[in-house]
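These features come from Swiss-Prot:
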DISULFID  Cys49-Cys63  disulfide bond
DISULFID  Cys56-Cys69  disulfide bond
DISULFID  Cys60-Cys105  disulfide bond
DISULFID  Cys62-Cys80  disulfide bond
SIGNAL    1-19  signal peptide
Amino acid sequence: MNHCFLILFTLIVFTVVWSLEENEEYPDEDEMIESFMDGYSYRGDDGTCILKGDHCHGTCDCCGWTTTCRKSKSAGGKICKSEGSSISAFNAIAKGVAAMKKAKCKHKSG
């Protein structure tokens, strides 16, 4: 029983350490999602999608992917800001779900 616990504990520690490391070989997930969000076919022809970084008054929604409309001192008003977690593993899962929703949206609109 102790061996199983040690193996499980070692795997958990390894996974946490690996997720905390920044890998410079791959582009940043935020940059990838942002470039996808800025795509013409994703925003739609009528420009109805309100995305991360856009000025807003209430909610920010595009094809079911919702972010929060918050005050920004640097932008001089309210802008859409993405939700996130300080734990990179949770962010990776959230970004994966977001990418799937966006891909579905892009497929429907284009």
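The backbone N, Cα and C atoms fix where each Cβ goes, glycine too.
In this structure, Cys56 (disulfide bond) belongs to neither helix nor strand by DSSP; it is coil. On a Cα basis, Cys69 (disulfide bond) lies 5 Å away from Cys80 (disulfide bond). DSSP classifies Cys69 (disulfide bond) as strand under the three-state reduction. Its own atom aside, the Cβ of Cys69 (disulfide bond) has 20 Cβ atoms within 10 angstroms in the protein chains shown. In this structure, the CA atom of Cys69 (disulfide bond) is 6 Å away from the CA atom of Cys60 (disulfide bond).
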